[in-house]
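Noted in Swiss-Prot for the protein shown:
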DOMAIN    12-205  domain 'Lon N-terminal'
BINDING   Gly358, Pro359, Pro360, Gly361, Val362, Gly363, Lys364, Thr365  ATP binding site
DOMAIN    594-775  domain 'Lon proteolytic'
ACT_SITE  Ser681  active site
ACT_SITE  Lys724  active site
Amino acid sequence: MDIDQIEFKTNVFVLALRDVVVFPGMVVPLFVGRPKSMNALNAAMKEDKQIFLVTQKNATEETPTIDNLYQTGVMANILQLLKLPDGTLKVLVEGVKRFELLALNDEENFLTGDIQQVESDEQLDNDGVVLVRTIQERFQDYAALKKKIPSEVLKSVQKITDPNRLVDTISANLKLGIEEKQTLLEILTINDRLEHILKTIETEIDLLESEQRINSRVKKKMDQTQRNFYLNTKLQAIHEELGDSSEDGVSEFTRLKEQIEQAGMTKDALKVAEDELKKLKMMSPQSPEANIIRTYIEWLVSIPWKKRSRVSKDLNKAQTILDKQHYGLEKVKERIIEYLAVQKRVNKMKGPILCLVGPPGVGKTSLARSIAEATNRKYVRMSLGGVRDEAEIRGHRKTYLGALPGRVIQKMKTAGTRNPLFLLDEIDKMARDLRGDPASALLEVLDPEQNKAFNDHYLEVDYDLSDVMFVATSNSMDIPEALLDRMEIIDLAGYTENEKLNIATQHLLPREIKEHGLKQGELEVPSDTILKIIQTYTREAGVRLLDQSLAKICRKSLKEIVTNEAKAPITVTPDTLDKYLGVAKYRFGLADETNQIGQVAGLAWTRVGGDLLRIEATAMPGKGKNTSTGQLGSVMQESTQAAMSVIRSRSKELGLPDDFYEKQDVHLHFPEGAIKKDGPSAGIAICTAIASVLTQIPVRSDVAMTGEITLRGEVLPIGGLKEKLLAAARGGIKTVLIPYENVRDLAEISDEVKEGLDIHPVQWIDEVFKIALESFPNVENDEISAISMKDAEMGKLVANKQSTKEIQKKSPKRH
């Protein structure tokens with residue numbers, strides 16, 4: 001029987017549908033997998049190929065009851081039935097008429113039911129005719145927005161004249177929920193159905209237009225590089241459309257606001273932070289600019305604005321800490337104690353800016369750490385070696401991609417307090433290039449009048465550095481003058497043998513034993529062994545190589561104990577030292593055993609301390625040509641020319657013929673030619689070497705000298721006296737000649753350095769010849785100084801620096 005002729009029918013095969021509603025006139029493919037549903041289809045195919053389709057209320061129920069099925073369904077024709085490889089069925093059905101389910105029979109193999117055709121009012125009034133036309137137009141608008149409705153469906157909708165067929169076709173092509181579609185299926189009055197479908201279309205059009213607005217806004221905010229953030233930005237735009245914002249955004253904004261309020265910023269910084277926070281609130285969290293502003297605010301709140309360490313004012317405690325961790329260095333310790341003493345009386349004072357100048361290994365960096373502990377300050381270190389970009393100090397503008405504050409602000413954040421001890425390590429190793437001069441940028445940091453308003457390029461707000469205690473370290477005075485002027489220079493010259501011995505015994509050896517896991521009593525290194533290491537295995541101003549040598553002894557001793565090559569305790573004697581450190585690298589006492597013609601020991605200052613400078617001269621028949629070799633700088637070459645002029649002016653006193661310079665060539669050589677040499681302080685040594693080779697009088701091998709020479713033969717003062725005296729002592733020199741005006745410097749040099757040295761101040765080159773040469777021919781000037789460290793007059797000169805007219809001269813020191 002044709003479905004159109006059925007009004008009531010019993011025992012109709014029932015197919016329960018999940019998540020789909022079939023309308024009359026629809027051709028729908030269905031996938032069927034439940035056994036009873038497949039049996040019902042197979043049975044219907046054998047009979048009249050008709051089946052009743054009804055939707056489940058709860059799609060998860062496997063065996064539905066009549067209570068779980070909607071009352072209204074569709075009687076359909078089975079057009080095609082296919083069996084799939086997995087045993088399930090694919091069926092193509094066409095909905096024909098709406099029927100009402102009256103009863104449901106759950107038989108053994110399938111479901112059957114009693115159904116009755118639904119009678120509906122199909123009479124259209126005038127409003128209904130208008131509704132049909134409006135629905136067709138609005139559906140066309142919907143299709144234009146949706147852009148997924150097939151053109152065949154659009155043409156079909158425009159040609160439909162049956163209002164029920166129109167509603168069914170449109171309902172099938174709208175993206176609606178199951179309940180909404182079922183409602184449209186169940187409405188009986190045609191006018192009500194038309195009004196309902198029109199309202200549904202209008203709602204869908206509004207949603208599509210809102211989505212288009214959201215998409216348009218999102219695309220405007222995005223550029224090509226941010227396509228990966230599209231979905232997140234779209235979600236944010238949806239929240240904005242609803243007048244809401246994400247919970248994460250609210251919590252982040254609140255957190256930043258609280259941090260700004262608690263940071264204790266200055267008024268200017270607070271205003272900038274609040275303005276930036278307002279900008280951040282108006283932005284999408286995923287936009288690149290929002291990340292820049294967020295990072296900027298986090299930097300502002302993370303640096304210390306008001307938190308301070310409580311500076312210790314206990315002078316005894318500070319002295320104890322400094323003495324415990326460092327041997328000697330009395331001038332530095334005294335300066336720190338003076339600073340603490342002033343702080344005891346004055347609440348607010350400018351932080352001192354100290355510069356520790358000395359060769360490597362004398363303990364500059366470790367001393368800064370001890371000062372921080374003694375004053376109870378946080379310790380931060382910034383290495384300036386090789387820094388050549390101004391932005392390293394002041395930072396980059398925050399508009400640059402990946403910009404950060406300069407290292408000064410970064411280290412202040414690390415310190416966590418606004419009054420740490422800030423170590424500027426290797427300040428003399430800074431360079432400069434096209435990107436700027438970092439030394440000039442440091443002027444603002446180290447100037448007490450300016451650093452209370454230090455302006456980092458990234459922060460762009462003033463930050464107060466006036467409470468910071470700056471300590472710089474340097475190997476030399478080769479620092480820009482403007483920077484040098486802002487620092488208090490404290491000279492750390494090299495250690496004496498006795499100081500090195502004490503440092504090794506009290507600090508280095510116990511530390512190395514502990515770090516290498518040796519137990520107490522397993523290794524003994526007597527003082528005479530350490531002294532031999534100092535004399536024959538190291539030649540340095542500091543103690544770094546000494547520390548490495550002791551570490552090597554500890555390693556080898558531990559290996560012997562662990563491998564049972566030796567039993568503890570192991571005692572390293574001077575005789576067994578080569579077993580642990582190999583053959584001695586240096587010969588203690590560099591002075592020659594015999595006096596030599598034309599060979600003089602000069603004294604030089606280097607960045608790593610003092611050193612002996614060997615000078616050789618030889619003369620040969622020629623035409624008066626003077627040659628200098630040994631990688632000499634321009635200043636030293638000029639010194640050789642001045643020295644030759646001095647010799648020529650004193651040819652009579654030296655017993656030389658007037659035309660000696662026309663018949664002899666003189667060659668000056670400075671051994672270790674791979675090392676560059678420069679400076680004026682070798683003037684008197686060069687003069688002595690030339691005088692010796694021309695007169696054939698040997699130079700005393702136990703004499704070393706330093707001093708600049710003038711054309712009149714006057715000896716001018718030099719710098720680095722302590723380092724040079726230490727070098728003389730290390731080289732086994734007994735007698736040292738120094739410029740007369742350097743006598744005043746002896747007062748600041750410890751007696752330990754001066755012990756064992758016979759120091760002679762000299763004013764004129766004739767005095768040098770008198771002492772350095774074995775003999776002095778034709779001496780006409782008896783006013784040669786015979787002052788030495790053994791004379792009582794030396795004590796008077798040192799005690800009363802202004803006692804003679806010569807010492808009152810203010811000649812500048814020269815290196």
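Even glycines carry a Cβ here, placed using N, Cα and C.
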Please give me the CB contact count at 10 A for Lys724 (active site), counting all chains in the structure.
28
By a 10 Å Cβ neighbour count, the lowest-scoring of the binding-site residues Gly358, Gly361, Gly363 is Gly361
What count of other C-beta atoms do you get within 10 angstroms of the C-beta of Val362 (ATP binding site), across all chains shown?
29
For Thr365 (ATP binding site) and Lys724 (active site), what Cα-Cα distance in Å is obtained after rounding to a whole number?
23
Please list, in sequence order, every residue of the chain apart from Gly358, Pro359, Pro360, Gly361, Val362, Gly363, Lys364, Thr365 whose Cβ lies within 8 Å of the Cβ centroid of the ATP site.
Leu356, Thr473, Asn475, Leu492, Ala541, Gly542, Arg544
Just to be sure I understand the packing, how many Cβ atoms besides its own are within 10 Å of the Cβ of Ser681 (active site)?
29
Simplified to three states, DSSP reports Lys724 (active site) as helix
Rounded to a whole angstrom, what is the C-alpha distance between Gly363 (ATP binding site) and Lys724 (active site)?
19
A 10 Å Cβ contact count, applied to the binding-site residues Pro359, Pro360, Lys364: which residue has the minimum?
Pro360
In the three-state scheme derived from DSSP, which category covers Pro360 (ATP binding site)?
coil
Cβ neighbour count (10 Å, all chains) around Thr365 (ATP binding site) is 16
For Gly358 (ATP binding site) and Lys724 (active site), what Cα-Cα distance in Å is obtained after rounding to a whole number?
13
DSSP three-state call for Ser681 (active site): helix, strand or coil?
coil
Segment-level pLDDT (mean, integer) for the domain 'Lon proteolytic' (594-775):
88
DSSP state at Thr365 (ATP binding site), helix/strand/coil:
helix
